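J.: According to TrEMBL, the protein carries these features:
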type     : residues : note
DOMAIN   : 33-284   : domain 'G-protein coupled receptors family 1 profile'
TRANSMEM : 17-40    : transmembrane segment
TRANSMEM : 52-70    : transmembrane segment
TRANSMEM : 90-112   : transmembrane segment
TRANSMEM : 124-146  : transmembrane segment
TRANSMEM : 188-217  : transmembrane segment
TRANSMEM : 229-252  : transmembrane segment
TRANSMEM : 264-286  : transmembrane segment
Amino acid sequence: PPTFLLLGIPGLEKEQFWIAFPFCIMYAIALLGNILLLLLIKTESSLHEPMFLFLAMLAFTDLVLSTSMLPKMLAIFWRGSRQIGFVPCLVQMFFVHSFSTVESGVLMAMALDRYFAICYPLRHSSILSTSVVAALGSLVLLRGFLMVSPACFLLHRKAFCQHHVISHTYCEHMAVVKLVCEDTTVNAIYGLFTAFSILGFDIAVIVVSYTMILRVVVKLSSSGTQLKALNTCVSHVCVILAFYIPALFSFLTHRFGQSIPHHVHILVASLYLLVPPMLNPIIYGVRTKQLRDKIVVL
C-alpha cells in the first residue's frame, strides 16, 4: 500500500489533543536530560569510566527511541496528520524495535559493569577497558539491527488488504502484521522468538549479575561498606524497572491480554517508549554523586 493511517489512541480521539501536552513535556525533559548527559560525559575526562560510557550509550539510545515516534504522534494528536507512507512506516518500526532491543542490551551491559565493579574491584578497569566497552556497545547495536531487520523485510514482501488503518500511535510490528492478507504465522513466530530470546537473555544476565552482587555484599564485614556497594546499584535497578515493567506489560497484553481495554494498551505502549528516556537522566543525575556535582557546577 502507498500509505497507512495511524489512528492514535482508539476510543480517546476527542481527548488526544490534551493528552499530547504531557507527552510533549515528557519528550522535552527527555531531550534536555539526555543531551545534557552526553555533553557532560563527553567534556569531563573524569567521567570517561565504563559506567558513564554505558550511560552515554543509554542516553543516545533514549534520544533515538523517543524521537523515532513522538514527533509523528504529536502530529496525529494536534494536527490530525494520520497518514504515513508504507516505507516510512517500516523505517519507524525498525528504529523503534531495534533501539528498544539496544536499550535492553545496554542495561544488561551496565549490570555486568556493576558486577565487575563490586565483585572484582581491583580488576574492574582492566576487564572493562575502553576498547571492551566500545566492543560491547557495538555488539549490542549490531544485535538490535540484525534481529529486527528480518521482521521488516518479511512485511515488505507481504500483500496488504484494503484496510490500511493502524490502531496505534506508531507503526508497531504486530499492529502492522494484522493488516496483512496472507498467512502471517512466520511473522508472528519470528516476533515472539525475537522478543523472548532478547528479553530472556538480557533479563537472565541481569538477574544472575545482581544475585552474585548480593552474595558478595552480604559477606562484607562493615554495614557501611554494604550500603555503599548497594547504593551504587540503586540507580541502575530503578532504570531497569522503569524499562522492563511497561515493556513486559505491553508485550504480554498485546498478545494475551484481550480483556484489557485497547486504549489502555496503546497508552502503556506509547509511555513505554517515552517514560524511560525521561526518567533515566533524572535518576542518574540525582543518584550519582559525580554527575550531580558536575550538573551543579554547570
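Using the three backbone atoms N, Cα and C, a Cβ is placed for every residue, glycine included.
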J.: Can the transmembrane segment (188-217) be said to touch the transmembrane segment (52-70) if we require at least 3 CB pairs below 8 Å and skip pairs under 6 apart in sequence?
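T.: No, the transmembrane segment (188-217) does not contact the transmembrane segment (52-70).
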J.: Find the member of 52-70, 90-112, 124-146 that has more C-beta pairs under 8 Å to the transmembrane segment (17-40) than any other listed stretch.
T.: 52-70
J.: Can you tell me which parts of the same chain pack against the transmembrane segment (264-286), counting only residues 6+ beyond its ends and a CB-CB cutoff under 8 A?
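T.: The answer is 8-10, 23, 26-27, 29-30, 33-34, 36-37, 55, 58-59, 62-63, 65-66, 69-70, 73, 96, 100, 103, 167-170, 172, 235, 238-239, 242-243, 246-247, 249-250, 253-254, 257, 292, 295.
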J.: So which residues does the transmembrane segment (229-252) touch in its own chain, when a touch means Cβ under 8 Å and the partner is 6 or more beyond its ends?
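T.: Tertiary neighbours of the transmembrane segment (229-252) are 58, 100, 103-104, 107, 110-111, 114, 117-118, 195, 199, 203, 206, 210, 213, 216-217, 220, 265, 268-269, 271-272, 275-276, 279-280, 283-284, 287-288.
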